[in-house]
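Trainee: Quick one: this structure, given as C-alpha cells, is what I'll be asking you about.
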Amino acid sequence: MELCSARVVLSVNGINLRNMQCMLQRVYIEQGYGSLMTILIYRNMMVQDAFSTTVSSVTSETSKQQNTSGMESQNLVDDLSPKKNTVLKLSNGPVVGSRKRPSEGHYEKEKEHCIALFDQWSEADQVEFVERLISRMCHYQHGHINSYLKPMLQRDFITALPAQGLDHIAENILSFLDARSLCSAELVCKEWQRVISEGMLWKKLIERMVRTDPLWKGLSERHQWEKYLFKNRTSEVPPNSYYHSLYPKIIQDIETIEANWRCGRHNLQRIQCRSENSKGVYCLQYDDDKIISGLRDNSIKIWDKQSLECLKILTGHTGSVLCLQYDERVIVTGSSDSTVRVWEVTTGEVLNTLIHHNEAVLHLRFANGLMVTCSKDRSIAVWDMASPTDISLRRVLVGHRAAVNVVDFDDKYIVSASGDRTIKVWSTSTCEFVRTLNGHKRGIACLQYRDRLVVSGSSDNTIRLWDIECGACLRVLEGHEELVRCIRFDNKRIVSGAYDGKIKVWDLQAALDPRAPASTLCLRTLVEHSGRVFRLQFDEFQIISSSHDDTILIWDFLNVSTNGQSEGRSPSRTYTYISR
C-alpha cells in the first residue's frame, strides 16, 4: 500500500486523528482542565505514536508480497491501533492520558502499607502529606483529582441540618431570601418545602417588610392583617399557607396604590372650616387619628380624622397661626403676633409662651430637645427644650437680608431659606455658618431638608433640588404658574402646592437622574382648591392640604372608588364646621 493510502486511513481506535484533536480540545475546555500547552503535548504524543507505527507498517508491507488487498487493510489498521500501554479516557470527567506503570507484585502491599501509615497520622499531617503528593503531580492528574473531589464537597445543607437537629439554622439561612427566591426554594424538594413551612418563613418575610417599609406598615394597619404578625406560634396564628397567599395580595395592593398616584385616581374628602371674620388655613399636621390646623382667624382647630368633626379649638394667639408642629405631648405654634406658644396636646392648656422675635414667627421645627424658629425680623432662634416649661434660647443666627420664611434641621445642619433668594446652611452643634446656596431668581417660600438633599420652592415659580454638602443645584423643576408655597418629599415623590391653586406630584428618582427628560418629571397635577395652597403633608396613601379657600382636603389614593368615576376625579365628602 502506498503512503498516501496510509494517510487516508490513519486513525486511533477508528477515530480520525484530526477529529480526535478537536474532541480532546473540546473536552479539556468544557471541563476547565489543562491548558493549551497540555493539549498540544498530549496531541503530539498520540500523533507521534500513530505516525511511527504507520511508517514502520508501510515499509514492512512494501517489502513483502501480500495475498489480498483486504488482508493489507486489516493489517494496516491493526498496526495503527494505540499502543498497549496508552490509556485514553473520554467521559464527563477530565481527559486522562497516562502511561501505566508496569504491574509489579509489590504495589498492592506498598499501597496498603502507606494507607495504614496515613491512618495513624493526625489530620494536619494527613493534609500536609496530601498537599505534597498533589504538588508532585502533573496538570491532568490535578484535573482528575478535582473531578473526584467536586461531588464529595457538594452538600444539601438545608436537608442535612434538620437531620442533625439543627432545623433553626436551616430556617435562619432561608429567612434571608426574597419572595422570588423563597418560591424557588419551595420547589427544590419536599424537605426544603417542609423547612419553609414549619419555619413560617413567609410570615417572617412579611414581618421584615413591615419593619423596614412604611408602605407595608401602613397597609398592615389599614387592612388589619398586622394582628397576625410579630406573634409566637399560638393557636391564633394562621399556618404558613395563609402568609404565602397573603404576600401576592399585598403586592397587588402596592401596585394599585402606585398606579393611583401615577394616574391621579383618588377619593376626596373636604373639611369646610369657615369663620365669620377671616378665612384661610395656614398650616396643618396629621396622624392616623387627628388633623391639627392653624387658621388665619388666630385659632388652632383639632379635627377627628375619621369623622372629620372638629374636636377642639385652642385660642390664645392674637394673630394668625402661621406655623405649628406637635408630638405625643405638646403642640408648638408660631403666630403673626410674634410669639411662640406651647400647648398640652390632650387638654389644650397653654404650658409656655416664648417672646423673642420682633415680628411674625413664620416657621418652626423641633426634635430631640432642640427647637429652631425663624421670623419676618430676618433672624433665626435656636432653643434648648429641656421640657415644655423649660425652654431657653441658645443662639440667634443672623445673616439673611430679608424675612426668613422656613427652617429645617437634623443633627448635622440647620437650613434656612429667605426672601433674599438664598438658602443658608449652619452647623447644628456650633451654630456657625457653613455655606450659602444660590440659584433662585426670587424669594424662597418653602423648603425641606433630609440626608444630603434639600428641596426648595420659590416665588420664581420653580422648585430646586440641592446637594447640601457641595451646594450644587441638581435639578430645576418647572410647571407651577405662581409662587411655590409648600413642598414635601419622601423616597419616591415630591409634592408641591402653589398660589396657582394646584398640587403637583413629581417623580423624585427621575428628578435626581440628569438623563431624565424634563417632560417626564411631573406625574400628576391635582386641581381641587379654589384658592392659594398654603400647606400640605403626605404619606404613601394620601395628601392632606390646606388653602386660602378655608378648606382642608384629604386626597386618598388607597380607598379609590372605580365605579364609573373619571380618572383623577372622585366624589367628595364635605363637612362644614359652624362656629358657635
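Yeah, the Cβs are placed from backbone N, Cα and C, and that goes for glycine too.
According to TrEMBL:
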- 167-205: domain 'F-box' (DOMAIN)
- 274-313: repeat 'WD' (REPEAT)
- 314-353: repeat 'WD' (REPEAT)
- 354-393: repeat 'WD' (REPEAT)
- 397-436: repeat 'WD' (REPEAT)
- 437-476: repeat 'WD' (REPEAT)
- 477-509: repeat 'WD' (REPEAT)
- 526-556: repeat 'WD' (REPEAT)
Trainee: Looking only at the repeat 'WD' (477-509), what are its DSSP counts of helix, strand and coil residues?
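Mentor: Secondary-structure composition of the repeat 'WD' (477-509): 2 helix, 20 strand, 11 coil.
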Trainee: Assess whether the repeat 'WD' (477-509) lies in contact with the repeat 'WD' (397-436), where contact requires at least three Cβ pairs under 8 Å among residues 6 or more apart in sequence.
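Mentor: Taking Cβ pairs at least 6 residues apart, the repeat 'WD' (397-436) and the repeat 'WD' (477-509) are not in contact, as fewer than 3 fall under 8 Å.
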Trainee: Tally of helix, strand and coil residues over the repeat 'WD' (526-556) according to DSSP?
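Mentor: Grouping H, G, I as helix and E, B as strand yields 0 helix, 20 strand, 11 coil.
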